[in-house]
Amino acid sequence: MDLCVTIKGVSFLLQAGLGILANALVLLAYAHIRLAEARLQPVDAILCHLALVDLLLLLTRGVPQTMTVFGMRNLLDDTGCKVVIYTYRIARALSVCITCMLSVFQAVTVAPAAGPLLSGVKARLPQLLAPTFAALWFINMAVCIAAPFFSVAPRNGTVPPFTLNLGFCHVDFHDNLSYVLNGVAVSVRDFAFVGAMLASSGFILLLLHRHRRQVRAVRRSQGSTMETRAARTVLMLVILYSVFFGIDNVIWIYMLTVAQVPPVVADMRVFFSSCYASLSPFLIISSNRKLKARMVCATSEQERQAEDGKNSSGKN
């Protein structure tokens, strides 16, 4: 196997494998917390949903891409391509939407209650989570409904113009107008959510700066400490998303200017567009004491059960 192909395959394999494992661990840890405490905090519920969406994204894009790089062909038929591409498009859209939702939610949470309106919104935030999740799923399922109509299994021969060659599937837009309109629509949606995300994150950053200046004059409570820690986690997630979003869109804008996209360019975009989904769970785990405590607890429990099993076997 060619060295470049090997490096590319190993990169995709590590990205998909570690990302899937980390997102699954986050989901399992939050499931354990939900069973133990009977409820999740609003920020935890959003992070749990983000891990679910990122897991779907890696399963529908990272895994097929890795298998294709290692030479596996004819993975999916037309129906399989339609299902996988549609699910991927929804997961990708939800990833930016939920990250934006997390940033806006945290901005409202840390904002000082300046009046009855904001106080009322703050009080209702936990009740608004479920309807917001449902609305985001419904809207993105409707917006991405055109994706299956352009998705087909790869055909023998050359790739037609205005076609995104994903390796395991082709997304054939047939003409330049459909190709450009799709690209512009996706970019406008993403930039709108990223703009809201950056605006709310800037507001959080301003509040944290003010808090740091006033911290010697104001007694710090446990609640404010937890809010500050959560706000910093949100800021790090937004920065992480913005970096890879920028790289992704630079490549995407280039792809819109050419009728035939070189495979190496398409592979680069796939890799960078999946980096957030694979790295964000590590950031969530490293900055969330509750998650780390649950994982340590689960590991200790497994070790204790294994030790008890060995002792029982020795007695027998």
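Positions of Cβ are set from backbone N, Cα and C atoms, glycine also.
Counting only residues at least six positions away in the same chain, the Cβ atoms of SER151, VAL152, ALA153, PHE168, CYS169, HIS170 sit under 8 Å from the Cβ of CYS81 (disulfide bond). According to its DSSP assignment, CYS81 (disulfide bond) is helical. Residues or ranges marked as disulfide bond by Swiss-Prot on the basis of sequence analysis: CYS81-CYS169.
Following the DSSP three-state reduction, the secondary structure of ASN156 (N-linked glycosylation site) is coil. Look at Swiss-Prot and you will find ASN156 (among others) tagged as N-linked glycosylation site, backed by sequence analysis.
For ASN176 (among others), the entry in Swiss-Prot reads N-linked glycosylation site, with the evidence type sequence analysis. Residue environment of ASN176 (N-linked glycosylation site) contains 12 other Cβ atoms, counted within 10 Å of its Cβ in all protein chains.
Look at Swiss-Prot and you will find 1-8 (among others) tagged as topological domain 'Extracellular'. The DSSP breakdown of the topological domain 'Extracellular' (1-8) into helical (H, G, I), extended (E, B) and coil residues amounts to 6 helix, 0 strand, 2 coil.
Beyond the topological domain 'Cytoplasmic' (30-39), the same-chain residues lying 6 or more positions past its ends with a Cβ under 8 Å from any Cβ of the stretch are 47-48, 51, 290-291, 294, 298. Swiss-Prot lists 30-39 (among others) with the feature topological domain 'Cytoplasmic', giving a curator's inference as the kind of evidence.
Beyond the ends of the topological domain 'Extracellular' (61-97), by six or more residues, the same chain brings 1, 5, 8-9, 12-13, 15-16, 19-20, 50, 53-54, 136-137, 140-141, 143-145, 147-148, 151-154, 166-171, 189-190, 193-194, 197, 241, 245, 267, 270, 273-274, 276-278 to within a C-beta distance below 8 angstroms of the stretch. The annotation topological domain 'Extracellular' is assigned in Swiss-Prot to 61-97 (among others) on the grounds of a curator's inference.
What Swiss-Prot records for 119-132 (among others) is topological domain 'Cytoplasmic', and it gives a curator's inference as the kind of evidence. For the topological domain 'Cytoplasmic' (119-132), DSSP puts the residue distribution at 14 helix, 0 strand, 0 coil.
What Swiss-Prot records for 154-187 (among others) is topological domain 'Extracellular'. If you look at the topological domain 'Extracellular' (154-187), the same-chain residues 6 or more away from its ends with a CB under 8 A from one of its CBs are 64-65, 67-69, 73-76, 81, 84-85, 146-147, 249, 252-253, 255-256, 259-261, 263, 266, 270.
What Swiss-Prot lists as topological domain 'Cytoplasmic' is 209-233 (among others).
Residues or ranges marked as topological domain 'Extracellular' by Swiss-Prot: 255-264 (among others). Mean pLDDT across the topological domain 'Extracellular' (255-264) comes to 76 in this model.
Per Swiss-Prot, the feature topological domain 'Cytoplasmic' maps to 286-316 (among others); the stated evidence is a curator's inference.
Residues or ranges marked as transmembrane segment in Swiss-Prot (evidence: sequence analysis): 9-29 (among others).
Marked as transmembrane segment by Swiss-Prot: 40-60 (among others).
Using a Cβ-Cβ cut-off under 8 Å and counting only residues 6 or more beyond its ends in the same chain, the transmembrane segment (98-118) has close neighbours at 42-43, 46-47, 49-50, 53, 125, 132, 136, 193-194, 196-197, 200-201, 203-204, 207-208, 227-228, 230-231, 234, 237-238, 241. The transmembrane segment annotation in Swiss-Prot covers 98-118 (among others), and the record cites sequence analysis as its basis.
Annotation source Swiss-Prot lists transmembrane segment at 133-153 (among others), citing sequence analysis.
Among the features that Swiss-Prot reports, transmembrane segment is placed at 188-208 (among others), with the record citing sequence analysis.
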- Query: Fewest other CB within 10 angstroms, which one of the recorded positions ASN156, CYS169?
  - Reply: ASN156
- Task: Using a Cβ cut-off of under 8 Å, list the residues of the same chain at least 6 residues beyond the transmembrane segment (234-254) that approach it.
- Result: 43, 96, 99, 102-103, 106, 183, 186-187, 190-191, 194, 197-198, 201, 204-205, 208, 265, 268-269, 272-273, 275-276, 279-280, 283-284, 287
- Could you pull out which residues elsewhere in the chain have a CB under 8 Å from any CB of the transmembrane segment (9-29), counting only those six or more residues past its ends? 1, 47-48, 51-52, 54-55, 58-59, 62-63, 65-66, 69-70, 270-271, 274-275, 277-279, 281-282, 284-285, 291, 294-295, 298
- Cα of ASN156 (N-linked glycosylation site) to Cα of ASN176 (N-linked glycosylation site): how many Å, rounded? 22
- Positions whose Cβ lies under 8 angstroms from the topological domain 'Cytoplasmic' (119-132), at least six residues beyond its ends: 42, 45-46, 101, 105, 108-109, 111, 113
- Sequence-distant contacts of the topological domain 'Extracellular' (1-8), meaning Cβ under 8 Å and at least 6 residues beyond its ends, amount to 69, 71, 267
- Message: Please report, as numbers and ranges, the same-chain residues at least 6 past the borders of the topological domain 'Extracellular' (255-264) whose CB is under 8 Å from any CB of it.
- Response: 159, 161-162, 164-165, 167, 176, 179-180, 183-184
